[in-house]
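Trainee: Per TrEMBL, the features are:
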type	residues	note
TRANSMEM	A:55-73	transmembrane segment
TRANSMEM	A:85-106	transmembrane segment
TRANSMEM	A:112-136	transmembrane segment
TRANSMEM	A:148-166	transmembrane segment
TRANSMEM	A:237-263	transmembrane segment
TRANSMEM	A:275-293	transmembrane segment
TRANSMEM	A:305-324	transmembrane segment
Amino acid sequence: MVSVLLVLATVAAMALHVAFGGTPMAYPDVLRALLGDDSNTRIHLAVTEFRAPRMVAAVVVGACLAAAGAITQTVARNPLASPDLLGVTAGASLGAVTVLVIAGGGHAGLSGLAATVGMPAAAFTAGIASGLAVYLLSYRRGLDSYRLVLAGLGISGLAASLTTWILTLGDVTSAAQALTWMMGSLNGKDWETVRPMAISAAVLLLAAMSSGRWLLLTSLGEDTAVGLGVRIGVVRLVVLALAVLLASVATVTAGPVAFVALASPRIARALTSTVIPSVGVSALVGAIFVLLADTLSANALAAPLPVGVATAVVGAPFLIHLILKYQRRLS
Amino acid sequence: MSTPQQGLRARDLSLGYEGADIISGLTLDVPDARVTSIIGPNGCGKSTLLRGLGRLLNPRSGDVLLDGIPLREHSTRHIATRISVLPQAPTAPSGLTVADLVSRGRHPRQKWYQQFSASDERVVEAALEATDILELADSPLEDLSGGQRQRAWISMTLAQETGILLLDEPTTYLDLAHQVDVLELVRRLYREHHRTVVMVLHDISLAARYSDHIIAMKDGAIVAQGTPSEVITPECLLEVFGLDAHVVAEPTEGRPHVIPLGTVGAAPVHT
C-alpha cells in the first residue's frame, strides 16, 4: 500500500520536476512536447533534451543514494551510517577533481572527451577503489561494523585532503569547475551522460532489492546469522559491493549530493514501520527527495542553486533531529 | 573411529582467536540424545569449544565431525538443518517481533526464490506454542521480559527443526526463577524428542539438576566427564575451580548440590 502511494508520489514529483525545473513554461506545452508534439521547437527541445534527462538523472541519483544508504545502515547496524562512510563519495570526488585539474589545466576548463568520459570514469574508479580500501582495512577475521566506520572515516579524510591539495595545483577556472562539481549538481545533464547511468542504476537497484532477506538475517548479528546457515562473509561482501557501486553511480552522475543516503532510509522505515529499511521503498523516497530538492532549488531563489545545496539545507536539520532523538532515548 | 559415526564429535581439535590456542588437541564424543553441560572457570575455553562445535569458529587444526564428516565439508546451510546455535546474549534490531524472529529459523530450509510456505507457518506456530509464547507472537522483542525473550530465541532454534542444539550460557542475565524456567523448557523439549543438547552453564548445581552428562574443563582441556554424580565431587571442584566445597545430594532426585566453603588460597572459613 505504502509502496503504491510512493510510486504515485514519485510520478507526481517527476511531472513537477519536468514542469517547473527551469525557466517557467506553460504546463500544456510541456505535456504536448513530452507526447511528441514538436511544433514548438524551442519548448520541445528544452523538454526532451534538457529537462527530461535532468529529471531521469535526479531519479537515478536519489534512488541509488537511498538504496546504498539502506544497505549501509543495515550492515553497519548503525542508523547514522551512510555510503560516505564507505569512502565512496570522497574517493569519487578525488578522482573527478584530479581529472578536472590536470586535464583541464591551461584551457578554459574541461571539455570534450575528457569531460564526457574521462571524468566520470576517474570518479567511478576512484570511488570503487576507496570502497575496496575501506573494506580491506576493516576486514580482519570477518567484518566488524566499528572497524568499518573507522576505516571509512580515515579513507574519506585522506581523500578529502588530497582533493584539497590538488585543487591548489589547478588554475582558477578548473578549480572553480571542480568546486561546482563538488557541490553536487544536475546542471547540464544530457542523454549522452544520463543513459549509461540510468541503465546501470536499474540493474544495481534490482539486485539490491532482492537482497532484503539476507539483510534482515545479517541484522541479527554474525553468530546468529551463521547459525541460521548464512555465509555471512559472502553476503556482506556482495551487499557492500552493491552499496559502493550504487553510491558511485550516483556520485558520477551528480557529484556528492548530501544527506539523501542518510535521510531516505530513515523516512522509508518510518513510513513502512519495518525493522530494517526496505531497499525499494528507500529508493522511491530518495528519488522523490532529489526531484523535489532540484525543483525547489531551480525556483526558490533568483539564481538556481546546485541540488546538493538544497538537499543539505533540508537534510542537515533532519540529521540534528535524529541525533537529538537518539540522545533522548539514551538518557 | 573406523566406522562412520552418527552425531557430533571433536577430533584433535585446536581452536583460538589471536595468539596462542585456547583449546588444543581436544577430542570429544557428544552423547547422542542427552543433555550435556560444559562447566569450568572463566576463560577455560568452554564457550570457545561450543563455538567450535557450532562452526562459529573454524578449527586451527583437527576437526569437528557431523556424522563422521568434517563440518567444513558440509555447507553452512546444511549444518543449519542439523545443528541450531543460540549465541550468548544474542541481539536483534529494534522493532523485530517474536513471530519475525522465530520465522528466521526457517531460512536454512527455504530456497532463495521461495516464499514463506504454509508448512513453514505451521512449524513456526508449533515452535511458539511449545515455548508457550504464541500470544506474544506480534510483540516486539524489546517489550518482552528477559525470560520471555530467551523463550523466543529458543523458539527460533526449534523452528530450525534440528536434532542438535548448542546453547551458550542461556541463563545469562536471568533471575533464578527464569533460569530454572529456561532449563526446564530445554530439558522437556529435547528429552521428548530424543534430541541432543550441549550448553555452557555457569551454575554448577543447575548444571547437575538439568543435565545427563557433565563436561568439566580447565585451561582448554577436558578434566572430567560423566554423569553429574561422577563429575561433581569435592576433588573435581577443587581441581577445576580451585573451590573448597561440600557436595550434598539434593532432596528431590539425589543429584549433587554444591555448597561452597571458600577458594583455595583464601582465608579458610571452616577450621
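Placed from the backbone N, Cα and C atoms, the Cβ positions cover glycine too.
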Trainee: So which residues does the transmembrane segment (A:85-106) touch in its own chain, when a touch means Cβ under 8 Å and the partner is 6 or more beyond its ends?
Mentor: 68, 72, 76, 114, 118-120, 122-131, 133-135, 148-149, 151-153, 155-157, 159-160, 162-163, 166-167, 169-171, 173-175, 177-178, 181-182, 240, 243-244, 247-248, 251-252, 255-256
Trainee: Which sequence positions outside the transmembrane segment (A:55-73), separated from its termini by at least 6 residues, show Cβ-Cβ distances below 8 Å to it?
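Mentor: Distant Cβ neighbours of the transmembrane segment (A:55-73) are 10, 14, 17-18, 21, 79-83, 85-86, 88, 186, 189, 193-194, 197-198, 201, 204-205, 208-209, 211, 215, 239-240, 242-244, 246-247, 249-250, 253-254, 257, 260-262, 264-265, 268, 276-279, 282-291, 294, 307.
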Trainee: If you count every Cβ pair below 8 Å, which range out of A:112-136, A:275-293, A:305-324 shares the most with the transmembrane segment (A:237-263)?
Mentor: A:305-324
